[in-house]
């Protein structure tokens, strides 16, 4: 009599073979076919057929269409047999089969254990029992991508204790041995197929099959000659790049459907915010329009000859914009009238184009009698306003009116170290009403630090006492932020500046400055002079504000006055030419 222990059995050659643990992770790679003997025969024997691959290969074409469903009729037939058989016996059935020879030759071993250790001896024959799933191993000749599996199905039947081995050749299995399991029965079979270690993590869902009772004759006729072959479907590694391969219908699994749709959802753009309108894009639209049209800026420099007006303009824009005055002859040293010159230069920086116009006033303050020397400058400013006004009132006016209005006037104060001259006070008092005046102390490097501080204090006091409102004006501050920024600039007025268009190397850096015996004066160094603050005010922070005040304040005042004069002249019936006079 052959003894059988849990997990150990003896083969026909006398060697002990350890059965695979139902819950163990290892996969078997041996192919085994076991034949079943009649219940009344001698103790069970086991035949190991290691060379069955050649025999199975000849009949493997017949099992190509067999699937997992072939294991279901075998479980159902064995269940019916165990219910009707009077002999208490424990049977273990291992069935083998092969799949299609195209990708590989495979074989599945199904072990059915019927033991009375798991239930009570008085339990009813029709009572439900659990079927535990053992590991499945499929072995065959294959490419490196597929992974073999081996399936073991253990069926426990109450009131049976004898272990019997059933071995049947695979050549006797017909193709039509599948019986659909659709009827309800108290027994359930749970099948769990673990995935390979290298495959993606995709567990097989538990499948519950309910079997119905079958006649004994039908059971014996189907069980002995035709053992079912449980073929575990698999997919190649090449086919499982997007979604992991699992046993069962992947299309019916909602979780797999979500995995298939996940990559597509990542490529989709995030939807725009529901409340977003797009008003902030107006800034980009204005920027593109301004880049196409460019900007215009007109600056006037007023002061005596030799104060460095042209040099300062060239230093501001770092280019040869303003030409230096040519030394006149002895007959031409004293000009009869003030000559106003305009120089236009196109500047482009980082794709931004600006049309810069510099208005120079040579001869201002160079006369012995400087009375009313400010009138030619006042007339020039008003003429530009009149020209712009006539373009506006035309019936067919231009789409874009050329802007020649003076936006800013730099008034150069000689570095005397005392106070403002009467000419300086009279000029700034009259022109501050029609143009933005920015007073500067020319050639401030001729003053010591103490002299410069004292001179600036005296100039500030003279401006306040004479009611001269220079730029930036307090009344034009729009909000608290503008007021805070403008107050810092007002404290620096007048700006003590030094101009130079010569470059020097200081500590490996290129600078604009003036070189002397005791050192180099750096133009853009705020500890040496206030040129950097003047540049920021005119170009980097307040250029657009200067243009807006010119258009909305000074030009608007001139336009109102001219329209009032025109209405009064029409009322009196007198037509007279407009005169450039103080406003």
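Heads up, residue numbers simply count up from 1 along the chain you see.
Yeah, the Cβs are placed from backbone N, Cα and C, and that goes for glycine too.
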For the set 62, 350, 515, say which residue Swiss-Prot annotates with N6-acetyllysine. 62
Listed residues 30, 121, 177, 551, with the one flagged phosphoserine by Swiss-Prot: 30
In Swiss-Prot, which of the ranges 442-445, 446-449, 450-453 has the region 'G4 motif' annotation? 442-445
Name the residue among 143, 243 that Swiss-Prot annotates as phosphothreonine. 143
Express the predicted model's confidence over the region 'G4 motif' (442-445) as a mean pLDDT, rounded to an integer. 93
The DSSP breakdown of the region 'G3 motif' (360-363) into helix, strand and coil residues is 0 helix, 1 strand, 3 coil
Reported in the order helix, strand, coil, what are the DSSP residue counts of the region 'G1 motif' (303-310)? 2 helix, 0 strand, 6 coil
Can you tell me how many other Cβ atoms are located within 10 Å of the Cβ belonging to residue 276 (phosphotyrosine)? 8
